[in-house]
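What TrEMBL says about this protein:
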- 67-228: domain 'Nephrocystin 3-like N-terminal' (DOMAIN)
- 617-658: repeat 'WD' (REPEAT)
- 660-701: repeat 'WD' (REPEAT)
- 716-757: repeat 'WD' (REPEAT)
- 759-800: repeat 'WD' (REPEAT)
- 802-843: repeat 'WD' (REPEAT)
- 845-886: repeat 'WD' (REPEAT)
Amino acid sequence: MAAQQSEPVIYGDFAYASNFTLLNPHFIYNAENIQVKLQEKLQPVQGAWLDTDRICMEGTRVGIIKEISDWINSSDPDASRAYFLCGEAGTGKSTISHTIGKIFHQHLGAFFGFSRTFARERTPSNALRTIAYDLSIRFSDIKQGLLKALQDNPHILGSVNLRDLWNVLIVGPAKMLKNPFTPVVIIIDALDECGSQEKDGPRDKLLALLINNTNELPRNFHVLVTTRLESDVIVHLESSSELHVQYMSKISNTNEDIFKYVCHQMINGSKRGMLKEDQCKILAERAEGFFQWAYTVCKSLHGQGKAGMSVNKRFQRFITLGPADRKDLQALDRLYMSILNDVFDPEDEEAMNSYRQGMSQLLAAFQPLSQTALKRLQLAGDVEEDDESVVEYVLPFLGSLFTGVDGLDEPVKPVHASVRDFLLDSNRSKQFVVDLKEGHTTLAKGTLSIMVEDLHFNMCDLENSYVLNSEVKDLHKKILKGISMEILYACCFWDLHLEQLEQQDWCLPILQNFFYNHSFFWIETLSLTRNMHVASRAATNIRKMIGNAKDFVQEIRLFVQGFGKMITDSTPHLYLSGIPFLPKGSKLITNYAEKFKNVPVLSKGHKTTWPQQQASLQGHTGQVSSVAFSPDGKKIVSGSWDKSVRVWSTQTGMALFDPLQGHTKGVKSVAFSPNGQTIVSGSDDLTIRVWDAETGKDNSVRIWDADTGHPVGNPLLGHSNYILSVACSPDGKKLVTGSLDHSVRIWDTETQEAIGNPLQGHTKGILCIAFSPDGKTIASGSLDNSVIIWNAESGNAVGNPLNEHTGAVSSVTFSPNGQKIISGSWDKTLRIWNRYTGEAVGDCLQGHTNGVTSVAFSPDGQKLISGSFDCTLCIWDLDDENSKPSSTSELSRISFPFDHCHIDSKGWLCNSNSELLIWIPPEYRFVLLFLPMHLLISQDGLCILDLSHSKHGTDWTECFTGYMQISK
């Protein structure tokens, strides 16, 4: 089996390194899950893709479509990679971009449409992440390149530097495409809607990037950009002389194309009130190139209009409102004003109040909602309990300005960005201006109320706790059935509406009710819909306004921080694995314990505080073979099969420098010197390297400076085969290494010279090596099944080899007082030896069902811990007087469902069928022992997790024992 790729993950409290444990999870990227991994990492924006319904009518825009098509198909190596299509609002730019996307659908790598309606999520940085993800879906070569880029640059996703995102996520992977001849099309529509005009802001930087850096892409890449001609766009375009730019005002046959469209709408496709051909021609000419103006007039003429006015009369009035010329930017404003005047009487206060309420709610929403959802949200927050909604008396009359108004369940949104701009600008819309404050108030009340009403346990009827969400059959259908548009919207955006309000006192009672009684069901909904990030944001936003429940909200944030990834992986374990490990005495466990009684219970060793931070350290591209803490606890060094050494900060979780590269084969062992100033690494390339932690970079295994990652001197050469083990003397002056060449070598860490000759005695390779606490003795274990004790000063063997094991000796260690040596072997046993006499102390320790891989003493020397290929760790109690194992040293096992259990790379305790039993938080994930109906966990002392009342598998829903209102 090929070596699995892995990434080091660090868990625990960054402020206290003693609470850390570094794990070695394996990430297997195969054809089935690679796209899921990329989606999880990049979090692409949904809904910004090509809309094939928004295309040019057949026979229109022929000239510009041909021009863009010829540019895409051109083989000219000097042609610009970017094409900017510019024009005023309503001239048809977006329709052309969608048409090109449909024509070149087989070559379309990415399509991203900016929108002011979705401004919060469709940001420049999210656009680049989404484009990268879309390219990876379309091209397998780019997918592999993107995956490698993320492995080599694990922190890029946290970057706000657009240039870095562009280079790492798009340009680099694009160059991995093996076919340099097939066109690859990227379309970015409505670039002007990606943010405000701000010098050196995100929009400004994205503009500069697309204008100046698209030629970094391979020559077969083509980036089509549409944008309004706003001042910052003009400045950028004028700064580039090589860019391909086309202006909508210069496109030929525009009037003829508009005429064809109007005829189709008002003669061929009209249901009533048809215009004559000469009227259609007048309307097209009056549009002065503004396709949106003609479109809106046709939509309005199809509508009811004002009572008593015929279609012809309305037509004549619209003609008087047409653009004076192609520079008349107020034409759409006049048209919109006329349409609103047709529908609403500004003198009718009741009608205008309904208009303002409905439109404010519609435009305040952070994403488009259907009429059904809008109505439900309004009525849920209506304290007067009126069963009527203004939505149903406003939106159906505005079909010429909004899409989705003809149905109840289709999202309603402006037909064009200019509609929203017009309605929010009091200078343009006058009496029809929309104030969003009222809408935010309505939606804040509605979202909170609907969550309290609708959220409940097991929202989507999940049947089994043993599986991941990704393995649940028809989960998408379950979500659609169990979570309505309005409840999902409420869960994702309630805090943002509250944030917009100046007065928030009214919401405190309902907020407290929500947090104390419904917050876990809210988290459940977020996990199922992959919106877990909302919980941390909301808790942070709300904490400052909730008064005496502030600490409770903070615990919600800490809970999501610690358990969020696990909950997203398997939602039932929000309850089965989350509640048991809540800190003892926390407000959350006090609040929810009565509701969830059939879950595991920590009956001993229950921690009382939250871990301050948990994070994943990602960077290695191969299995992590060795890790170590610096003596001061501020750094971690890791060695990997990817041939590199990495140094990490325990306070931030960040890599302190680039990978230390230089080894030509995998790094098998790393260690800090006792003073923390150097790092030693050993590799399969037969070298040991010593690195000065202050001064340099290197990717080999050697001694490293722990502060800067610089290598100290040259590699230590001398072994003639793989180096499998390395250790530092307590004073840091010596280094000892063991190799497959059958020898042990001692090195001076200052001179980096070998001390004396190789220590010969083993007949096969050395697997493990250790210094005694006083630095005077060395113990080595070998594939020859023996342990040899060496004098660290003379290099001579002390006595004969210890030959009681019947399998390779894989681990040796000294007791804290230095009097005993413990060895673990592939013969499944451990043995205790007297350091001075070499005699075995007591019988061998038996209990593992496969070879022993590691052994360690507790600091007080009273307990011994062993790890094995059988995926378990055992705790052994040692008698102080005779060092014999007590009766508790035997490892008992239980039957179903905890038979043959193991913890996987992500912390899941799984049985032999790989079913998820419970997730173990990192701070508890040290030693496991299985006893009847108990899972024993040990770190500083024995912890007991009582499973006797736990419900799991298909019975998991029985963990919920009843709803109980709690009022604080």
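If you go along the chain as it appears here, the first residue is 1 and each next one adds 1.
Cβ atoms are placed via backbone N, Cα and C, with glycine included.
The DSSP breakdown of the repeat 'WD' (759-800), given as helix, strand and coil counts, is 0 helix, 19 strand, 23 coil. Residue counts of the repeat 'WD' (802-843) by helix, strand and coil are 0 helix, 20 strand, 22 coil (DSSP-based). Residue counts for the repeat 'WD' (716-757) under DSSP, helix first, then strand, then coil, are 0 helix, 19 strand, 23 coil. On the 0 to 100 pLDDT scale, the repeat 'WD' (759-800) averages 91 in the predicted structure.
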